[in-house]
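What TrEMBL records for this protein:
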type	residues	note
BINDING	Asn92, Lys93, Met94, Asp95, Asn163, Val164, Gly165, Lys166, Ser167, Ser168, Gly215	GTP binding site
DOMAIN	156-232	domain 'G'
REGION	15-40	region 'Disordered'
Amino acid sequence: RERFEFGGRDVASWFPRHMAKGEGRQRGGSSSPRSPPSAHPALLLCAAGLRQMRLALRRADCLVERSHIPLSGRNPALQEALGIRPHVLVLNKMDLADARRQPVSAGAGPGGGQRWCHRRVTASDSPVPLQVVPMVARLVADGPRYHRAESSEHNILVIGVPNVGKSSLINSLRRLHLKKGRATAVGGEPGVTKAVLSRIQVCEKPLMYLVDTPGVLPPRLADVETGMKLALCGAIRDHLVGEDVMADYLLYTLNKQQQFRYVQHYGLGQPCDHIEPLLKHVALSQGRTQKVKVLTGTGNVNMMMLNYPAAAYEFLRDFRAGRLGRVTLD
């Protein structure tokens, strides 16, 4: 396929409900008199999270942003709202990225320009937790701290879209530098962190505190394809988008990038251009079936049918685990 047909899908319905709590106002102005009393969740998306982050920013010396995808996985509204602070971009899941594709430069981002970040951290160097604290300490030391100039402690705000491992980074830093256990909840789905938490100490020398924040998506995604990439990386819950649609887009992406490892992994004879034969093969080979009642002239009859949604979920899970090869979505 030369292009993927999204069929006029509305990405506004994909967003987690906890991110839709806010002031009912669009960015940059008050709500219109014609607006309904309860605005659409897509318009309320960032208000609560950004409002909390602005309050936490007053005591922040540096921002640490986590991202799965170099471009689509970043929220320009965060940078616009949080102003200018030293900024570290942590690109994780690098072991699942395609090494043949050029890495994005440290200054690249949805807004363009070097203002987007000052440093880039990836797992291809030394382990990420070992790099973060020294890098943040250098950035804070080299930059003005204004009203916090007399303080010896470092306050760091951890930001990013949902489900990119912000809480996991904080916990790993605590284990590494303080030899202490988990301080903030983590989960495999977006929406575990729903509020800006209190400061969490992650290092003694220098004295450093990190603040975990809820994942915030842009109030308006640039296009449906950006939303689909975020969904494939787990930033949007699968069932809100539809596992079948996500599986179809994943197959389109793999074929477009000539990533045909799925052919060998599933024992196919050749690449598939459409998702139905692939899901049928996965369902048959892995026993993904479901019992369905069928109404006939003599009554209800139980029949075993292929479970295509389960096969689609299996396809997505294999991609996220790296079993279909190393893929960079941007």
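Cβ coordinates come from backbone N, Cα and C, glycine included.
Keep in mind that TrEMBL annotations are predicted by a computer and have not been checked by a curator.
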Among Gly165, Gly215, the most crowded of the binding-site residues [Cβ within 10 Å]: Gly215
Least surrounded among the binding-site residues, given as Asn92, Asn163, Ser167, when other CB atoms within 10 Å are counted: Asn92
All-chain count of other Cβ atoms within 10 Å of Met94 (GTP binding site): 17
Recorded GTP binding residues, Asn92, Lys93, Met94, Asp95, Asn163, Val164, Gly165, Lys166, Ser167, Ser168, Gly215 - maximal Cα separation rounded to whole Å: 23
